[in-house]
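J.: For reference, the structure I am asking about is given below.
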């Protein structure tokens, strides 16, 4: 039925007119990779591009940090190399005047004498005779030991001349010794400091404390038994060398 030639709407027509055909969420349109989600347009190409840019930025940041570390390591290596080369050059051109000396200028004798006790030796009467084989053998061993001691001393090595074992006495074997050093003329500083009794004695005593008493070495010298005085009277040794 119509009223004034106006078409009558059925119930179905009214329902269709009151509702849109499809909401944006219901339209499955694939147009250039665009989609509607909750009323918002989403572009897949834009998302993919953003992800790629983010990955590229991270890789670039890692490369920058890696290059910085490489540059830092290279600079440290370069600095160490320069320091090493400089040190080597300094050692090569270093001229220590104290290391250059003429032994022929060492003419003035400086002597010391004293005694020590060999606690691991058993005294025998043959040691009383300088001509006996036992006395000669023990004297030679002790002279070698004391010569090595003073010859290897950084402070006294250049001045050391000789050592003599003069006698053996009873009492675990008591040995008397004489040390002879040579120094330049008119050098009072050497006599007061380098070749003083304290210096020569301390070098000897320190070497004795460095011994290992548990080894029971036959040439072990008891540190507390060491005695030393400055030689002042001319005397004749076994070998005919004059000591002062």
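Placed from the backbone N, Cα and C atoms, the Cβ positions cover glycine too.
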J.: Look up region 'Disordered' in TrEMBL and report which of 1-23, 24-46 it refers to.
T.: 1-23
J.: Can you tell me how the residues of the domain 'SEA' (108-233) break down into helix, strand and coil by DSSP?
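T.: Split into helix, strand and coil, the domain 'SEA' (108-233) gives 49 helix, 37 strand, 40 coil.
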J.: Mean pLDDT over the domain 'SEA' (108-233): what is the value?
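T.: 93, rounded to a whole number.
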